[in-house]
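Contents: one structure, followed by commentary.
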Amino acid sequence: MFRYVGLIICIVFTFVPFGLNSEMFSDAASEMAVSIGASADELSVIKIIFMAAQIAGLVLTPRLVRMKGVTVSLTAAVCCALLVNIGLYVSHTIIMSSMLWAINGFVLSVILISVNLLILDTCPRKQLPIFIAGALVFTTLLPMGMYSWLMAEILEHFSWQMFIVFQVWSYAIALIWLVVYPPSNRIFVAESKSNHFIYLLSLSFFSLVTYLLMRGSYYNWLDNPIYLDLVILSAVLALAIVLFIMQRKQKTITQQVLSKLNTNVYMYNAFLAGFAVMSSNVLCDSFLEKALHYNALVTGETKLPAVITMLLGMAVSVWVSNHKPALSDKIVPIGVLLILISSIKISFMPSYVSPEQLTIPLLLRGFGIGLLNVSVSIAVLMYFSREEQLEGISCFYLFRTVGGLIGGAFFSHFIHIESAQAINQVNSNVTAFSNTVMHYQAILNNAFLTNGHLPSQAMGANYMSGVVQQQVMTLTLNNSLIMFVIAICILAPILIVGKKIAAKQKEAAEH
């Protein structure tokens, strides 16, 4: 019983800050920028550095844990996270903040993998789904459904640094527990790993890809010379990594893990889950904030009921994993389908829709996310053998993170392009002498006179501009949601085919 108490303390006091960090750049961006004297553009660069460091942590953590063990790595990462957050509280310069956020991103990945290894090492198989789902509540479900509302409420009264103070206390509690009551330090057997040059190439490749996806999504990748050069350089790095790996006579442990077809199916499943969840989140937030013009507080309140259905979806996933494991694969498509239905419903909504009308689609989306995210995570984390868990968990989170990055970047880029096309489409239908415009101007003039104002061309143009902009954004986001449905319909069958091939291969091996 005592070891479960320690595990719960580790999960809560390390994963709550993890979830907060993932949301701070979205919900507290303007406050963060003001406190360090950065522009919005400079803060977006810091966010890219933070994300690139997280991916670097996912790549390097297996090597670190094999050298030092799980508990030592976790304790060192929590101690480092504590010092970094103290530094962020007192830092008021862009350079120092960039360095601290980079370190923070790296140690968060170490904490993520180490705590998951503690869960797998501490819990019996029957209780694993419960603890894995509990960890996902703090790293994924609450950040998507509750933290945006919570942050908006707190930022109404306090500085964003209140979250830093909370993280310092959380890490301090976790560190004290790990020092006073340390779990047994699981040591992994030394396995063949890639040399330092391969790691350098890999980190360069993932850093470039992260920059291209998060920064290049605001441009046309193939038209801008700088981004075109970076795309070519990324392709060269990827080719170099593949060639160096193929020349090795002895397979590394990561290659051995990824050499199985079933493992690759799970990795694609993780990629699809990251892509679907992040894409739907970007599009849903964009619709609420840009088309409906909700502020952060109203957006958070609108999304809040979906937390309940996320937790219900999580409960269903845990129950199925424990009592009907054969059905685990079948609830993943149900989760994807619910997210698609939610997106289709929202895509047909006008710009004057009320928050109450959004409740059903958001509840469906929440239930789908709970089913998809939790069932995929439980299935993947319980799939690996004890020797493969370290590299398997690292690859799982790497694929899921990259899938989310690609989804977010693609639809950010799609919204930019679609908005330009929507403006042309609206302009072609709206001319100064069209019956619609003349009728609307007459209504505006009557409204001005009713309210005691003399109608003027400037006032009318101002109102007309607002209406056109709102219609353009609504049309853009509706088309983007339809594109999301099309993208999932293209990607999902690949997973189904892969699972069928893997199942046939398994049957052939058994016979």
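Every residue gets a Cβ built from N, Cα and C, even glycine.
Taken from TrEMBL as is:
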| type | residues | note |
| --- | --- | --- |
| TRANSMEM | 43-60 | transmembrane segment |
| TRANSMEM | 72-92 | transmembrane segment |
| TRANSMEM | 98-118 | transmembrane segment |
| TRANSMEM | 130-150 | transmembrane segment |
| TRANSMEM | 162-184 | transmembrane segment |
| TRANSMEM | 226-245 | transmembrane segment |
| TRANSMEM | 265-283 | transmembrane segment |
| TRANSMEM | 303-320 | transmembrane segment |
| TRANSMEM | 332-350 | transmembrane segment |
| TRANSMEM | 362-384 | transmembrane segment |
| TRANSMEM | 396-415 | transmembrane segment |
| TRANSMEM | 481-498 | transmembrane segment |
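Residues 116, 120, 125, 128-129, 132-133, 136, 140-141, 144-145, 257, 262-263, 266, 269-270, 273, 276-277, 280, 284, 302-303, 305-318, 320-321, 328-329, 331-332, 334-339, 341-343, 345, 392-393, 396 of the same chain, all 6+ positions outside the transmembrane segment (362-384), place their C-beta atoms under 8 angstroms from a C-beta of that stretch. Beyond the transmembrane segment (130-150), the same-chain residues lying 6 or more positions past its ends with a Cβ under 8 Å from any Cβ of the stretch are 7-8, 11-12, 15-16, 18-20, 22-23, 26-27, 112, 115-116, 119, 122-123, 277, 281, 296-297, 299-301, 303-304, 306-307, 310-311, 314, 317-318, 366, 369-370, 373-374, 377-378, 381-382. Same-chain residues lying 6 or more positions outside the transmembrane segment (332-350) and placing a CB less than 8 Å from one of its CB atoms are 269, 272, 276-277, 280, 283-284, 287, 313, 357-358, 360-362, 364-365, 367-373, 375-376, 474, 477-479, 481-482, 484-485, 488-489, 492, 496. Sequence-remote contacts of a segment are chain residues at least 6 beyond its ends whose Cβ falls under 8 Å from one of its Cβ atoms, and for the transmembrane segment (481-498) they are 261, 264-265, 268-269, 272, 275-276, 279-280, 283, 287, 333, 336, 339-340, 343-344, 346-347, 410-411, 414, 418. Same-chain residues lying 6+ beyond the ends of the transmembrane segment (265-283) with a Cβ under 8 Å from its Cβ atoms: 140, 144, 258, 332, 336, 339, 342-343, 365, 369, 372-373, 376, 379-380, 383, 395-397, 399-408, 410-412, 477, 480-481, 484, 487-488, 491-492, 494-495, 498-499, 502.
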